[in-house]
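> Starting off with a structure, shown below.
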Amino acid sequence: KSAALHVDLCKATNSTDALQYLLQFARKPVEVESVEGVIRILLEHYYKETDNSVRLKIASLLGLLSKTNGFSPDCIVDDAINTLGNEKSHQVLAQLLDTLLVIGSQLPESPAVRLRLIEVACKHLSDTYFGVRNKCLQLLGCLGLVDAPLTKDSNGPSSSSGGARDVQSIISNYFADQDPRVRTAAIKAMLQLHDRGMKIHQIIYDQACRLLSDDYEQVRSAAVQMVWVLSQLYPESIVPIPSSNEEIRLVDDAFGKISHMVSDGSWMVRVQAAKTLGSMLQVSSHFLEQTLDKKLMSDLRRKRTAHERAKELFISGEFSSGRKWADDAPKEKLDSNTVNLIASGACGAFVHGLEDEMFEVRIAAVEALCQLARSSPSFAEKCLDFLVDMFNDEIEEVRLQSIHVLREISTHITLREDQLDTVLAVLEDSSRDIREALHELLCYTNVSTKECIQLALLELLKNLNKYPTDRNSVWKCLKFLGSRHPTLVLPLVPELLSTHPYFDTPEPDMDDPAYIAVLVLVFNAAKSCPTMPALFSDHTFRHYAYLRDSLSHLVPPLRLPGRKQVYSLDSVDSSCGSSSVESAQLFLQQSLNRVSSIQNLETAGDQDLLNFTIRDLQRLGELQTELAGAADFCATYLRCQLLLMKALQEKLWNVAVPLYLQQNVTATAAAQQILEETYKLEFLYSGLESRQVATIHHVRLQAKALQLILTARTRQGLDLLISSCEKFLQEVESFQRLFLSELPHLQDSFVDKLLELMPRLVSCKPAELVKILQTTLRQSGLLQLRLPEQIHRATATIVEPTGESDNPLKFTSGLVVALDIDATLEHLHDPQNSVKVQVSSRLPENLSFPETSFESSFFHRFCLQVLYPDGQSHVIHPKPGDFRKPGPNRHRLITQVYLSHTAWTEPSQVEVRLLLAYSSSSSSLSSPSTSKLGWSDSTDSPAPAEAAVEGTIPFSKPVKVFIMPKPTRR
């Protein structure tokens with residue numbers, strides 16, 4: 001590398017050619033062994049070069065090469081420092097200092113190098129070019145001493161604290177530099193020292209406060225951060241108020257000054273100030289409350305007492321003459337000697353922030369209010385009106401954030417009726433995210449009166465009528481609303497259930513979502529109110545039994561005294577829950593141990609034992625939801641082993657090849673099914689360890705060996721057999737490379753025996769290889785499965801559409817119809833790249849349709865493909881914005897499918913299901929230098945490893961929806 005670079009640079013006839021060679025060289029990687037030689041060549045050319053741009057590029061390359069992994073740049077420190085001596089160009093000097101910064105960062109354990117670099121930085125701080133001063137300050141901030149003393153050679157004190165003071169004083173001198181970029185760099189260098197563990201001295205506070213009024217926004221923004229750091233380091237220190245004898249805490253003074261910056265002219269500074277206010281939790285309560293009032297409160301200004309004012313009048317000899325009207329009346333306006341403890345511009349900082357023209361500032365102010373209100377219940381009550389007003393903001397993001405903030409502080413507040421009225425008005429919003437966030441807020445909000453409950457129920461029912469897709473969210477909201485306010489719901493029960501003390505009222509329709517919503521509210525309130533069931537009518541008890549079975553997650557178990565049947569699930573003692581899980585885990589392990597001794601199905605009863613074990617594990621997963629993932633995983637694994645053993649039974653392999661057709665079909669189907677099941681085991685379950693993945697790949701390798709044997713027995717041609725053998729051996733090598741650490745746990749297994757025979761397999765003929773594989777495969781038994789601590793199966797539930805409606809979605813042929821999809825995903829990693837929606841149409845036999853295809857009508861990454869009777873399908877890739885994450889290990893998919901077609905004679909069902917996309921690329925990791933196999937006569941390179949296997953796994957139940965394209969009206 002160094003020789004080639006030297007030749008190229010010597011060939012350059014001018015600076016342009018040299019710069020081109022350097023740019024080409026920068027695109028190529030450099031080995032660690034060649035870095036020092038390349039740097040020497042670059043330095044040699046640096047001293048010869050007269051063009052500034054070439055020297056600048058060489059200085060840049062020196063920094064890039066110093067970052068090479070495994071290279072220690074201590075050998076080039078002296079040369080890099082020497083280049084600074086004769087350099088006249090300011091830009092090149094700044095780039096060389098940047099290279100020295102990189103070198104110093106790569107050598108954190110070398111204090112001598114750091115001291116030399118600090119000396120260099122101090123020497124060049126007097127440069128006239130701002131870029132050089134910036135790099136010097138950056139170097140001081142990143143390499144300045146934190147806990148090691150400066151030596152006498154560096155013109156600094158010999159004590160550790162003296163060294164620290166020296167660096168800080170040098171940097172603070174440039175707070176008043178004439179260039180704003182240097183002032184910003186000085187503040188950032190001081191903040192860098194703080195981040196590295198050095199305690200900034202309090203004397204910097206006055207300088208930082210003066211920088212808050214700088215003319216340049218970058219300086220003011222950095223100064224806000226500096227003031228905040230000092231307020232966290234010295235919150236209880238006392239600082240004087242200018243031009244007075246008053247003193248206040250430093251954190252209060254800093255809070256007032258940063259509050260003043262919320263009215264800054266730059267919106268970026270206003271955002272920075274608003275965010276900073278939210279993290280100042282140690283401020284006094286009266287300073288905190290002043291941010292919500294534009295008028296200066298009386299307790300934040302120092303008034304003279306009446307005695308002091310009378311004494312001043314007596315000394316001056318001035319008394320009321322009576323010539324002027326009310327000249328001795330007390331004045332509301334304070335005189336000029338009154339002292340304000342907070343700047344008048346800082347009054348109502350959050351009011352200014354919430355009313356700002358930039359929505360970024362409003363969002364920052366809302367978030368800051370949230371942080372402060374969470375730590376102060378009294379402040380939470382006072383800022384409630386301001387947050388509720390933000391629900392009417394014109395920007396959706398601001399409205400959504402204010403709803404989330406009110407949700408976080410809901411434990412400290414109780415909504416009044418007028419505030420609730422403003423909150424509920426947001427239910428008219430067209431955004432689904434806004435409405436669902438408001439439902440979530442109402443779940444955890446306290447209200448004051450029964451009128452509030454009635455108002456909330458009325459508005460939620462209106463929401464349900466206007467937006468039927470909000471059904472589940474509204475029901476969940478009413479569930480929590482009822483359980484939090486049982487005493488307020490109690491007087492409303494007769495009205496809500498339309499009961500009468502003397503007359504029978506008609507029984508409501510149980511298919512009405514609004515009636516179900518009312519029942520959910522009442523039943524959840526009844527759980528904490530034992531007197532409520534006495535107000536229920538007979539049909540209410542029947543409806544409770546129905547809802548308890550159909551919507552058990554919304555309707556709680558109730559003890560209903562006086563009834564023949566007690567609708568309660570409390571009969572199972574909750575204390576035995578943990579013991580039942582432990583016994584289930586024990587049963588699971590015992591089931592695996594019971595079948596571990598099975599080698600083949602020749603012994604009587606082995607097949608029945610495997611079948612019964614698989615059935616028991618499936619039942620266990622249904623009964624114990626905590627172990628559902630582990631039980632399903634084990635059942636699927638044992639099913640793969642059962643299929644493999646059936647395919648390898650003795651009687652199937654003793655049949656002559658011409659009579660083998662029926663058995664070949666059975667074994668081929670078994671091998672294909674095993675492959676599909678192994679992909680499910682690998683990609684549908686989370687929490688797997690390396691040993692479980694190795695076990696899955698081992699079963700997959702057995703299935704591929706079975707496929708290879710079947711290929712050889714069907715005699716489809718020698719070329720195909722040779723290619724299949726090569727691919728299989730590459731699979732074995734790939735397995736060994738991927739799971740090298742797990743091979744000790746796979747002793748006497750199929751792959752262990754193959755690796756022992758690997759030299760023979762590479763050199764033998766295809767027919768002999770197939771025989772060896774067949775013998776080895778039949779001799780290998782069931783591999784013991786070791787369960788990890790926690791396995792979860794990825795599941796999906798389609799909430800919308802429900803598939804219950806018989807009314808078809810009608811649309812004019814040639815146009816589009818929107819199909820809303822709402823699904824809940826659990827235990828799924830990276831759903832944005834792995835989840836797909838499949839839409840399949842099931843057309844009746846007598847349905848007539850033209851020979852045309854569905855028209856794609858999707859945007860972004862959507863792909864539409866509908867299944868006709870010939871088996872075509874339609875798969876959609878949802879956008880990343882269609883996914884929400886309501887909780888840990890849970891995702892929600894809300895998207896739309898647009899379908900279009902020509903006219904049909906009658907409605908057809910469209911099936912919707914979710915698919916999990918996967919890509920198994922382990923086989924593509926095979927080394928390209930695989931040795932050539934003995935039977936190959938070709939001089940070409942060996943066949944490449946099999947490409948990544950891609951596919952989809954259905955992991956939700958299909959939902960059927962009727963659609964009906966109507967003919968176009970002429």
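In case you wondered, yes, glycine gets a Cβ from its N, Cα and C as well.
Quick paste of what TrEMBL says about this protein:
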type	residues	note
COMPBIAS	921-936	compositional bias 'Low complexity'
DOMAIN	209-298	domain 'Phosphatase 2A Regulatory Subunit A helical'
DOMAIN	586-788	domain 'INTS4 8 helical bundle'
DOMAIN	797-840	domain 'Integrator complex subunit 4/Protein SIEL C-terminal Ig-like'
DOMAIN	860-967	domain 'Integrator complex subunit 4/Protein SIEL C-terminal Ig-like'
REGION	921-950	region 'Disordered'
> Quick check on the domain 'Phosphatase 2A Regulatory Subunit A helical' (209-298): DSSP residue counts for helix, strand, coil, in that order please.
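The counts are 53 helix, 6 strand, 31 coil.
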> So if I exclude everything within five residues of the ends of the domain 'Integrator complex subunit 4/Protein SIEL C-terminal Ig-like' (797-840), which remaining residues of that chain have a CB under 8 angstroms from its CBs? That is, six or more out.
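Distant contacts of the domain 'Integrator complex subunit 4/Protein SIEL C-terminal Ig-like' (797-840): 469, 472, 629, 686, 857, 864, 866-867, 873-878, 880, 883, 889-903, 907, 910-918, 952, 954, 956-969.
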> With DSSP helix as H/G/I and strand as E/B, how many residues of the domain 'Integrator complex subunit 4/Protein SIEL C-terminal Ig-like' (797-840) fall in helix, strand and coil?
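Grouping H, G, I as helix and E, B as strand yields 4 helix, 24 strand, 16 coil.
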> Could you please provide the mean pLDDT value for the domain 'Integrator complex subunit 4/Protein SIEL C-terminal Ig-like' (797-840)?
77
